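Over in TrEMBL, the protein carries these features:
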type     : residues : note
DOMAIN   : 33-295   : domain 'ABC transporter'
TRANSMEM : 389-408  : transmembrane segment
TRANSMEM : 420-441  : transmembrane segment
TRANSMEM : 462-488  : transmembrane segment
TRANSMEM : 500-522  : transmembrane segment
TRANSMEM : 529-547  : transmembrane segment
TRANSMEM : 613-635  : transmembrane segment
Amino acid sequence: MGTEVAADIEAATAQVNGDDSTIFKKPTRPVTLKFEDVVYKIKPSKKEGLSLLMKTRKQKAQAEKTILKGVTGVVFPGEMLAMLGPSGSGKTTLLTALGGRLDDNGRHQLTGKITYNGKPFSNAMKRNTGFVPQHEIMYPQLTVTETLVFSALLRLPRSLTKSEKVTQAEAVIAQLGLSKCKNSLVGGAWMRGVSGGERKRVSIGQEMLINPSLLLLDEPTSGLDSTTAQRIVSRMWELSQDGGRTVVMTIHQPSSRLFYMFDKVLLLCEGSPLYFGRGSEVMNYFSSIGFSPSVAMNPSDFLLDLANGVPGDDSRGNQAAVKEILVSSFKTNLLETVKEELRETKTEDDVSANSAGEEKHYKGWSISWWEQFTVLLNRGLKQRKSDSFSGLKVGQILAVAFLTGALWWKSVDLQDQIGLLFFCSSFWGFFPLFQAIFTFPAEKKMLKKERSSGMYRLSSFFMARTAGDLPMELVLPTVFMLITYWMAGLKPTPGHFFSTLLVILLCVLVCQSLGLAIGAIVMDQKSATTLGSVIMLSFLLAGGFYVRHVPKFIGWIKYVSIGQYTYKLLLETQFKPEETYLCPSAAAGGGGGMVCLVKDHPSIERAELGKHVTLSVVALLIMLVGYRLIAYVALMRVGRTK
């Protein structure tokens, strides 16, 4: 895939060097965004809920937080709305609600009306909306070009060829000024990559690939210098004015140059609107109700002071009273005007004869299930290659393999050989489980972002992840066994070796499946690690090596223990019931040449050598499939929105 993408990019570059502005052509279906009386409440979490049990009903009601308190507004195609307000004012929450990305976890309550051309949010609208989060969510191991090309392959319609999609990605790179860094790694907190401004533009480029009619950006200038911020906001203004897009962004403290680019401004204070209207009229409005800056200052600084309850340069006044006056003034002077604008607006649905066809176009998946699978598989292999075969991980396995081989060097003692087999089953139970347990918690933000955008089916993602893990997760245990098996005193025949290797690989896949299930259910790395440790230690103790006679009331653990089935199968690969060994008494010099049956050895007797082999294999296969199904079902809630 990597070489194919590189070749396609080289071919596409020549086409893009001419006129690359076609990528930002006018959307075919402009969007009028309306939101009326939007109220958003959040209930306390379960932990917080436990502490409320002893409180009164009034106290419990107060514990419910109201994040948005009746916010109303309208944004037309070709307009750019800036949402201003101090931290905690509800800007990001409102933007997330407008983008249809609020989590559907039962704790949130959203009321009011949000429409897009007069219709509620739908799958079609999801695929016609670009959403740029404040913190970029991208794979640091991929280059800028790879990031945008994979997004293009997943999001652009199947009517385009692969070469045309790559050309589109290259055009975005050129338009956003990323050509100089297109072959650099995106990078992140723990990996060096492109600069913050370049990373932000890559994030915007991912959304611009689909030529969205509605573009939402959360703090696009956060952490950037004034020049870079000016460049990004100017580009968004051009996209709204020239492209007929509806652009909405939250922004904390824009400069004067940036402020006057905004067609409309929404000022929020603790979830309540203080102003909604033309950006050019905001200073006149506040002057008309008695709030004017004492000196010439940046309008956004003045507005943020007001939202904090600080009029002018006096910070000693009653801030709560100032906020109440501003909220009351908005309701008295502006609210009815804004609602009148909503009622008078003629939506796109009234004039578009092609809305039904366009709705059908956006409603379906961009590409087929198989295309999604292959793109995700190739992206996953490229992204995880460095992690799966990192020098640290390979060195760890090699060190343990050689140490194990040295400790069991050409061992002929039966008890030592049994101990080696049990160690192998334990080590290759714990290692893959704790590698897999972090997979979905680490991927949660990416999965949520991409599923919220309607990029692919969950089934294609899950199957691509499963298929991609096979070669990566099975190489290291194979290397381990190639070293340890022949150094230790196990039976030196190809048949015995390959049967032992197959059992270990099956154990790896089952334990990896369990790790994926635990991670998908808990979705928290610390909690998942704790739960995984308890489960694996339980399986280890019930595996048939440490405890021979397990009490009946807890004996059920052995039937769900991966370790027990793996340990039994490993014994089956090395020993036959009729084989004998030198009895302990004879080995000590007191029993002549007496021999005992291997199946009667204390550490083997409970495994019932020669019996239930097929049952053990079937049990592990059922666990392999079952745990992955559990992981899949648990993942269904990620990216599910209201």
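Each Cβ is built from the backbone N, Cα and C atoms, and glycine gets one as well.
Same-chain neighbours of the transmembrane segment (462-488): 372-374, 376-377, 380-381, 384-385, 388-389, 393-394, 397-398, 400-402, 404-406, 408-411, 417, 420, 424, 428, 432, 435-436, 439, 497, 500-501, 504-505, 508-509, 512, 628, 631-632, 635, counting only residues six or more beyond its ends whose CB sits under 8 Å from a CB of the stretch. Between the transmembrane segment (529-547) and the listed ranges 389-408, 420-441, 500-522, 613-635, the one holding the most Cβ pairs under 8 Å is 420-441. Ranked by number of Cβ pairs under 8 Å to the transmembrane segment (613-635), the listed stretches 389-408, 420-441, 500-522 are led by 500-522. If one looks beyond the transmembrane segment (420-441) by at least 6 residues along the same chain, the residues whose Cβ comes under 8 Å of a Cβ in the stretch are 400, 404, 408, 411, 447, 465, 469, 473, 477, 480-481, 484, 488, 490, 504, 507-509, 511-516, 518-520, 522-525, 528-529, 532, 536, 539-540, 543, 545, 562-563, 566-567, 570-571, 574, 631, 635, 638.
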